[in-house]
Amino acid sequence: MSHENRISKSAYLFLVMLMSSGICQTLYTSLFMTADLSGTVFIAVILFTLLYFVIFRNKITTLAASLVLFAASAAGALYLIFIIGITDMGNWLNNFYNWFINVCNGYTDETSPLYANLILLLLVSFVTLLVFIFSIKAYNFYVLTCMMFCVFFVQLQFEVFVSDISFILSLFSFLLYYFFHILKRRSKESTYVIENKLMYLVCILPVCILVIAFSLSLPVGSNRIEISWLDEKFDNAANYFFEKDRADFDYFSIEATGFGNNSRLGGNIKLNKAHVMNVKSESSKLYLKASSKAFYNGHGWYDNNEQLTQLGTSRNNYTIQLNQDAEEFCDGIFIETGSLDNDEIFKPVKTEIEFENIKTKSIFVPLKTNAITFRNFQTLFSDNEQMISSSGKQSRGFIYTAEYNNLMLNSDKLKSILRKSYKGYFSNLLEKYYAGESPSFVLNMSGLVKIPYTDRTSKLFNERIISNKEMKDFISRTYNIYERYTQLPEEVTPRVRQLAQNLTKTEYNNYDKAKAVESYLSSNFPYTLSPGRPPIDKDFVDYFLFEGKKGYCTYYATAMTVLLRCIDIPARFVEGYVMPPKADNGIFKVTNEQAHAWVEVYLEGFGWIPFEPTASFTGKMYYDTTITSQAFEDKMPDSGYSSYLDYLEMLEKNKNKAGAGYDGNISDLSEENEAGNVFLVIIIILTSLGMFLLAFILLIIINTVKHNFAIRKIRRLEPNKSVLEGYSYILKVLHTRNIFYEPGETPAQFGKRIEKTFDFKGYSLNKTDFTRITSHYINARYSKVLLKVNDREDMLYFINVLLDMTADQAGRFKSIMSRYILGKF
């Protein structure tokens, strides 16, 4: 190896190590969700670079390495089959697969270092091989550029976590490669000096460092540059053309709004800003529900028998089926207080809902709804969870009014009443009735007033509770609720059940037990939209409570529902929308960002009561968050209201960023780690491979067109110019075989040397030789002789002979790489 080659190889080996390290560290930090670089990756890259340098040094070393690799593979296969055994190997591969899926989903099992090292080994070996080939064996700056930026493009497109340090390292290596690419192009000049490459490297390193440092020192705003009027126009256009179809589903489910999948809970989510409805309401405490699932299987929620019951067709769709829960609450309040005229417990309220960019059969209603009024006749249905739907999809312009009893959930009086609920509440009342006792609720029935916003007669209401049949219906309904909403699968772990017991052991009624669980969840688990996907082999609630310990609304609601069922308290997972914090003239513009999940707990005697376990949302349910005065905050410092405002502030700051999370500290948002699920990883891998393949195909097409264009140009030019162009093309082909003019050598001397070396005359059976072609070149370049068409044909024929000889002697693969991949001629 010449002095120049040694210097060149040393420089490029350094670049191979640097570029490979940058790409490998980027993939490593994304896969294992860490911002720290790995020293193992650096060491592995250096070792593999040196290994490839030895393997590809010449044909002998390459052949020897291939034989060793084949022998090692055969020996390894025999060892696995006859020593380890196919069954054990299959189990190991299955465990490795499960580990890899969990890692891709954001769950790192540090007890399996073998798997992690194996992945690193495969990753580093593959990336370093590609970089080595296109840096030393078949240099192509553009392929390397494509390879590096494809990695970052795919990660950006799919919002995969990228370490800032690994990105800077990759950018730094790219700058060095770019400067070396310029040097390589200038190395053919007469002023080129052998030692240029190492000296260039020494000089350019501080320049690259300064460029990176300067770029990082520039101030960066927290938000993108905004042009208000342009943003408004764009948002309106996007809202009209795209968002109206985005919220299109038969029946509402929170997964349709971007909050994951109910059948497989968990994973990072992307906020959906589609404007779905306008709600006219006096308060932002309003929760509109449209979906609920009764059964949990360890990974998600489902309904085992989705049946619809028709409620009737009318403009005012009051029915006893619709009103059962609201009536149970009113009956219970009357039984305990002897009156329904008490604003400290509940208030009759109306709210008007108008659909915008949403198409669904689901009817969104508040809890304790008494009646629904439509502008046109509607046929309504109720499912197993008493969720209301219409016979057909409703869309923009659909308006209806819901009348409901707004519970004063923060009222001490209501709390004291709810604490009187217990299992067997109605059975005990019936026993008292049979015993001939005269409780106050029976004595005062004649004075009972009509429930506001219902059309029932006083007689129907007055006689219902004291009727044996009606009381038995209540008991039967309660029994069904206990049976349906306390079911749990075997996947629920003992430590989850024990936690439920520990949290509620000091409480003596179901209401306080539910509040204890609610408080525990909202106080101890940070809210984030990027918690990563739970492992596929773990119970969802167990992972959230003891390992993940962060999540969004479906995490909290599922956990609370399961914990309450563990202690035999009926609870259900409910989905719908909450109100945004600000109203415009009393109208709340609800988007899919307000999609939410919460919990309803059945307190016998009072029906379903809502609870809010989600951190940052607790204040939303219990206080009117449209009030923002300092006096309000001073009265309720521990209400969770301030935390909710922080969450809303986070949403506002990140309205142009997808997948932002909140964990109780706004300044820590940038530290949230992104994690993709297995499907995302597969998509990234396939997309990357597809882009590499597309780049190769385009490269082959471009170089083929360029080659054909060059030959066609030689054929079409007049003979003198054709010979000059053809001679230049011949030199390019010879350069691929490391043949150049020697210092002081004339074209005639060069022609004789090349002909003596390759014997074109003998190869072509005396039909052409390079000395004759050189003679044509000298005449065209240095004399006024006009060449003939035959001279041009000689040039074209020699080019074909040269290409055939190059393919035969250098190898078809190298010839194809030089012509179609690298585009050298």
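Positions of Cβ are set from backbone N, Cα and C atoms, glycine also.
TrEMBL entries are annotated by machine, without manual review.
A quick note: this is a predicted structure, and the numbers were derived from the prediction, not measured.
According to TrEMBL, the feature transmembrane segment maps to 12-31 (among others).
Long-range neighbours of the transmembrane segment (37-56) within the same chain, counting only residues 6 or more positions beyond its ends whose Cβ lies under 8 Å from a Cβ of the stretch, are 9, 13, 16-17, 20-21, 24-25, 28-29, 62, 65, 117, 120-121, 124-125, 128-129, 132, 136-137, 163, 165-166, 169. Look at TrEMBL and you will find 37-56 (among others) tagged as transmembrane segment.
The feature transmembrane segment is assigned by TrEMBL to 63-86 (among others). Taking Cβ pairs closer than 8 Å, the transmembrane segment (63-86) reaches residues 54-55, 92 in its own chain, all 6 or more past its ends.
What TrEMBL lists as transmembrane segment is 114-134 (among others).
Annotated transmembrane segment per TrEMBL: 141-158 (among others), in sequence order.
The feature transmembrane segment is assigned by TrEMBL to 164-183 (among others).
Under the heading transmembrane segment, TrEMBL lists 198-218 (among others).
Per TrEMBL, domain 'Transglutaminase-like' is recorded for 545-615.
Sequence annotations record features per position, and here TrEMBL assigns transmembrane segment to 678-705 (among others).
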Revision key, fill the gap. With the cut-off at Cβ under 8 Å and a gap of six or more residues from its ends, the chain residues touching the transmembrane segment (12-31) are 37-38, 41-42, 44-46, 48-50, 53, 103-104, 119-120, 123-124, 127-128, 131-132, 135-136, 144, 147-148, 151-152, 155, 160-163, 165-167, 169-174, 176-177, 180, 201
Review point. Can you count helix, strand and coil residues in the domain 'Transglutaminase-like' (545-615) using DSSP?
Key: 21 helix, 29 strand, 21 coil
